[in-house]
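Participant: Here's a structure for you.
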């Protein structure tokens, strides 16, 4: 019995201690390296701010540090706000720079057209000689297989400067740009697409200058980059993550089939593959030096002719029957590069087709697609080239039995299908003079189609894929430096103390360096981290504000002006939001803020030594709204308590006791009590009145004669005085007015006594009826009291037993230590005596030796 009682006592003690000590409360931390995905506007930075499209970008000085994070993060090049912004911004710059001309010439009028002589295309031989930069046909523009463009001469009538007269005009058109009633391109013709365009503004010739810029995150936000070499556009668990404030430089070249002058080329071939379908973007190995050179021979003139006031028509005299003929040739080890693409595809984890590279073929899109899909479409100094890549594909696939070569015939078009939005733009005819442009081929846009036995790499016209390759390994995050975690400390009442010591600012990304550290280690440096965070945000805001001030006159020119303002506003909103949130919780100017709000889930606790703050944030994200609401309610209650406490403190001043405003509340309480008593008396009176009515009595305010019949009050009849007149004297029928109120008061007292007596008897009867229940409750309370006494006795006995055990332990320890000390002292004495006896022993030994 005794051991069981001791075990019960120990269990009770442990349980009580756990209930007291293990209670956890919500603690707010500020300056924690945690984040969530964001989708806010980015702004640009560039080295070349002289071009029209980048004049409002921040100056780039290459001082953008990257910090390695020991975290795991998900990346997706297609579901990515960074790439989506790049696609939209490049499209806007492209549209604004090129300025499509929607004032068609010669509008929608009937034209009489005839095919010019000698415009048939020259047939190409079955085999074509491979050319390079030293080939003579390049300079002479007569390489084998380059035919002439089909041209039709048209004339039409239209009013000119003289509105009442019509004038005849002549013009040369490509046969593919007109629709005629005869199949051979003659007869009555109309310009193709003339009824699908809208007249809105005039246009001039512009160059599409290649612009390189980088995106930067606004203050309070950051960019993460997947640094894994095996990253293929979709990676749910990238373990090599770095944090940066800006992206790498990106190229704004637009084209189909190929990507030119990209910044992602490496000494290897790798593939970005869409997570849900067969869309890919293939980065080519820069080791093979793949280039493309395009040329449009010159000696052509474009002469504007005025049709009428404010409207111009551009005529194209034909000199060499090739007004829009251009061509491109490819240099580098293309055959080996394409072979490496096939080998890389066969090893890709997403690929499920044949591993035989001989059955993996490059193919062009099917017939019937838009020209931008059927042909390779690119921009060369503001002109749009459409190149037939059949010869080129036969060459890289080594199809010697078909026409093949390393160059492709191209033509320039005015009617262009837009690449980002559905629509058609019409541009001015080609400018005069020779056009040349050189580009480095860095990627291939393709769709992978596999049926198990054969795989086709079909070239694609998805221009947007180019920017997914450029920036697909980045993601934008919003830094959330205010997380919650449970701790055993509870808030104590004290005034918040501001830290006044300065800290060295490492930049906005400095505090993210601890993102991979354990929660306990990261929380130890909160003071420096939070101040670094705030200082970095303020610094970035100031830089943006300076740029906006310098360029406020040009904000309307490009998309960057608006994005800079948006970034500035976003940064201020985030900073104010964080500070307002901390203030609403009563945690302003605190890095670690303990609260009185209990932790909602005791089973959900962090591993301070092994868990990062980012991992903890993902686990408790669903509790954020409830905890935030509880913290706000606790702070409101705390403010109410402080207000009441401050009001009580006002009584410490002796002069406040004589302040009438301090007593108004208590005076009000007294008035309320008096009014309540009066109301109670009125209620009792009404109850008694109703009670008398039920028993057949007349109301107490009936006439005196009727009332005196029930309560007989006899009075003596008074004699009139001698001086009274006849009018003053009279018979009052024996009634006196003054005795009646006294008897009535006695009557009310009697009724009140009976009422109270009745209430007392009723309550006593009710209690007597509930005596069994009271006895049962009394017995239960007695049993509980006995049980508590028993447990208290157990607890007292256990405490006495523990105290006795401690006293016995203390006695034993004291005796043991005393014995050990005595033994140690005796041993030290013996050693000392032995040391002191050494000279004597030596002397005695010497004496014996001498004897």
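Any Cβ shown, glycine's included, is placed from N, Cα and C.
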Participant: Choose the correct range: of 537-558, 603-624, 625-646, 647-668, which one does Swiss-Prot annotate as region 'MPER'? Give that range.
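Facilitator: Feature region 'MPER' in Swiss-Prot: residues 647-668.
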Participant: Below 8 Å Cβ to Cβ and six or more residues apart, same chain only. Which residues does that give for residue 238 (disulfide bond)?
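Facilitator: Expected: 72, 73, 74, 75, 226, 227, 228, 231.
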Participant: Grab the pLDDT values for the region 'V2' (154-194) and give me their mean, rounded.
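Facilitator: Here the predicted model's pLDDT, averaged over the region 'V2' (154-194), is 73.
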Participant: Let me know the DSSP-derived helix, strand or coil state of residue 238 (disulfide bond), please.
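Facilitator: For residue 238 (disulfide bond) - judged by DSSP and reduced to three states - the answer is strand.
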Participant: Which one of these disulfide-bonded residues, 113, 437, has the sparsest Cβ neighbourhood, judged by other Cβ atoms within 10 angstroms?
Facilitator: 437
Participant: Most Cβ neighbours within 10 Å: which of the recorded positions 294, 763 is it?
Facilitator: 294
Participant: Restricting to the chain of residue 278 (N-linked glycosylation site) and a gap of 6 or more, list residues whose Cβ falls under 8 Å of its Cβ, or answer none.
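Facilitator: Long-range Cβ contacts: 447, 448, 449.
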Participant: Using the alpha carbons only, what distance in Å do you get between residue 328 (disulfide bond) and residue 410 (disulfide bond) once rounded?
Facilitator: 7
Participant: Between residue 154 (disulfide bond) and residue 387 (disulfide bond), how many Å separate their Cα atoms?
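Facilitator: Checking the Cα atoms of residue 154 (disulfide bond) and residue 387 (disulfide bond) gives a distance of 26 Å.
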Participant: Under a three-state reduction of DSSP output, how is residue 438 (N-linked glycosylation site) classified: helix, strand, or coil?
Facilitator: strand
Participant: Going by Cα-Cα distance, pick out whichever of the recorded positions 410, 453, 456, 601 is nearest to residue 57 (disulfide bond).
Facilitator: 410
